[in-house]
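A short worksheet on the structure shown next.
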């Protein structure tokens, strides 16, 4: 019993890249810069989506929700990771690890559902343009966004609670960059077949099913775009979806690799870099991709920075953005 309770009393040792000091110092600098840029970029998208009336559309409503998820998701991992990387003592309190476990799992799951919702929005915009406003009405948009957030909360409560029931028998060393369900399962000193099966089922629901729905949506989108006779019209239609598709490939590709491989399989360092990618890098890519490839967002950002709007006669007008 004393060995079993030692993890909750002493916390965990978050090893990360401590066996490679030079790499750890380099990653500290990179992660710090990426985290700051992530906060600025996603906060800018939320601001322009709220302040510019031209962006009060379903697409930007979901995009602002995605940016909010990304800010919270990265914040649940990056600050603690930076602290442990910058000190010799790699101990993380049990309460801190549990909190990170629940929050990161919930937000990551919410993002999986939210990306599928955004694919449905793009399907409605391209394939049903005349009925788009009627289909994606405000109540439906709010319900879909709420479903994404609540589904993440529910799966987090279930998966994390089941994982924390596993006896660790004094094992405290987490050879990873943050507290994550697959890594904690490997510390257990009992048979984890049920937990691995449960995690696999949850991964299918939150990863494979959304990806399948996204692929089906883009199949219909491709068919609709190919029927457009104008080359300019086809480019515009593909442009509305290409940014979302890039985000989907990057995010799902890395997280599927982490959650659908055997719990005790794969290179440890490989798993750490994959986790770094979908917790630190991908949330930064979202604002970059959506901003650089979207004229509306670039125009709204330019307006916000300049602090005024331009009328049709070219004279500056004060903005009354709400």
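Every residue, even glycine, has its Cβ placed from backbone N, Cα and C.
TrEMBL annotations:
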TRANSMEM  26-48  transmembrane segment
DOMAIN    41-290  domain 'G-protein coupled receptors family 1 profile'
TRANSMEM  60-81  transmembrane segment
TRANSMEM  101-120  transmembrane segment
TRANSMEM  140-158  transmembrane segment
TRANSMEM  200-221  transmembrane segment
TRANSMEM  242-261  transmembrane segment
TRANSMEM  273-292  transmembrane segment
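The highest tally of CB pairs under 8 A with the transmembrane segment (242-261), across 60-81, 140-158, 200-221, is held by 200-221. The domain 'G-protein coupled receptors family 1 profile' (41-290) scores a mean pLDDT of 87 in the predicted structure. Between the transmembrane segment (200-221) and the transmembrane segment (140-158) there are at least 3 Cβ pairs closer than 8 Å, counting only pairs 6 or more residues apart in sequence, which means the two stretches are in contact. Spatially, the transmembrane segment (140-158) is adjacent to the transmembrane segment (60-81); three or more Cβ-Cβ distances between them are under 8 Å for residues at least 6 apart in sequence.
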